[in-house]
Each structure stands twice: as structure tokens, then as C-alpha cells.
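Please read the structure below before turning to the comments.
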Amino acid sequence: MVATFTAFVGAWLAGLHWASATSALAARFDQGLAEKYLWIQQLTIMPAAELARMDCGLACEMLPEVAQVHVTEDSGPLNTRGLVATYGGDDCLVSFKGSTSITNYLLGDFDILLDRPFSSCPDCRVHKGFYNSWRSLQDETQRALEDLGCDKKPLRVSGHSLGGAMALLAAFQLSEKYQIKEIYTFGQPRVGNEAWVNAFEARMANASFFRVVSYMDPVPHLPPSWLMGYRHVGAEVWYNTTSLGSPAFCAAGQEDCSGQFSVLRCLFHTCDHCSYLGLNPCKPNDPHPACLQGAGYR
Ligand SMILES: *[C@@H]1O[C@H](CO)[C@@H](O)[C@H](O)[C@H]1NC(C)=O
Ligand SMILES: *[C@@H]1O[C@H](CO)[C@@H](O)[C@H](O)[C@H]1NC(C)=O
């Protein structure tokens, strides 16, 4: 009886804790800034010469805050790409390119096996392919951050798709030396197990982290949570449309956000992966989402 009561109060308090955590998150969420980060995703696929001059067409025009862009690139089989830059003069920025074939990659993947790369967290297991992708750019990213004097500046980290997974791993490792101010990810897959989630959340206690999901984008449903203990980090910021709207904020694992749709159903909505807040993180200088779906469209 007492045990039941204690369990009940415990669950109620945990619910309250999450409710206040998600409403605090909602208060800090900045949709205009989320749109900036979506334009930054387009920068990650622009020619380096144009980025050096910040003269790349519409995306560059939308981002007067971004300067001193260093492209990070591994043209080997991983084909990873990202950028390091200054943002608004006072901050530094690290962003990673997505992968439009990520659903195929996640469904037919050999690298899904979890790796234990962190000596500071021996129980942390993360997706081997995502970790190798971040590793391929880590040295170049750190060199560029040093060149820009970012050890004295707040760091913003962002990514879409595979780049979102890389952004989390980068923030986790860079937090040993840099002050992580903010992380925005879009269409980010699950990255690791419960121990990794806890370690990440502890390290990012002072950072604002927003994991944005557009309508039925299948990628955030992968790898599925029934497989090898994969968990999502943090609350979800969910849009019930691929255009601009008022997002819902859900604690990880709560079913009222994207969790209300099955992975199978979402696999028929792969175009949502390139359709966020009425913008397109996949196609350079395209001001339109790949498709209009969800509330207001159907
Ligand atoms: C968060 O900030 C507080 C106050 O500046 C500091 O004492 C603490 O170590 C920071 N925590 C992390 C995880 O960085
Ligand atoms: C979508 O979300 C908005 C804002 O929360 C809400 O007003 C609207 O009813 C939702 N639409 C549907 C179809 O769920």
C-alpha cells in the first residue's frame, strides 16, 4: 500500500519534473533561430570557394551572422562534410551535413553495431557508423576551432539527419574543451544507449538542446528503440506540419509527438525529412520544403 503510494507519488513527481522541463524548453525555443540553422544546413552543401566569400546565393544572404567559414570534409567512403565558422561575431558555430539516403543507410546498415569509444564513460555505447562519421571530421574541426579562437567563445552546434547524430557526438566530445551554448538538430536518428543518454544530458546541463522533428519524418524513428537499447536524448520539438507552426514539446518516449506514428507509416513520408518549418535543409538555395504535408495539407 505504502509502496504503491510511493510509486504513485514518484511517477507523479517525475511527470511534473518532465512537464516543467518541457515547458522550460518551450520557453527557450526560438523558431527564428531554428530557421537560421536550417539555412546553415544548406551552407554545408555549398562549394567551399563560395563559402569563403559568403557569396553563395540565397542561403548566404539569409545568414549575415555567419563569417570566417572553414569547410571540414572527408572525401573518403564516408563522404562526410561540415563547417566551422563564427556566428554573430561573439559565438562559434559547428555544423554537419545530412545524408539524403539515410533511411536506406539505417535500414541496411552494417555499422549499426554499438561501439564504446569514450574512456570517460565505459558503459556508453553509440552507433559505430555515426561515431566514425564524426571521427572523420574531428581533427579538422578542432583545428578550425583553434584557428578561430573559439576556446574563449560560446559554441553553437547543429546538424540535420546523419549530421544531427554527428552534432551530438561532436558536442559531447568538444564539451571537454569548449563551452557548448546551444544545439539544434533536425531529423536526427537515435545515437546511443541509455548510459550515453544520461552522460550526454549531464554534460549538456548548461546547454540548450532542441531535437526538432517534422511531422512523419522516418529518420528520428531509427534505429528503432527495440533494437540494442537505442534511446533518444532529450525532449522532442515536434511539428505536426512540414510548414511553420506551433510545435509540441514531448519528453523522450512520450507518445503524443512523433511517437504516435509507426515507423512503417513514416517510411511512406521520406520527403518530410527534407521539409522542416517550410524550408529545405537538403537542397542548396531552395526556399521550399520537399513536400507540404500534415496539419493544413494532408
Ligand atoms: C554549469 O554551470 C555551472 C555554473 O557556471 C557550473 O558550476 C557547472 O560546472 C556547469 N555544468 C556543466 C555540466 O558544465
Ligand atoms: C497542429 O498543431 C497546432 C498547434 O499546436 C494545433 O492547433 C492543431 O490543432 C494541430 N493540428 C492537427 C491536425 O493536429
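Note that Cβ sites are derived from N, Cα and C of the backbone, with glycine treated the same way.
Bear in mind that TrEMBL entries carry predicted annotations, made automatically and left uncurated.
Taken from TrEMBL, the feature signal peptide covers 1-21. The domain 'Fungal lipase-type' annotation in TrEMBL covers 94-224.
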Mean of pLDDT values spanning the domain 'Fungal lipase-type' (94-224): 92
Secondary structure content, the domain 'Fungal lipase-type' (94-224) (per DSSP, counts of residues): 55 helix, 30 strand, 46 coil
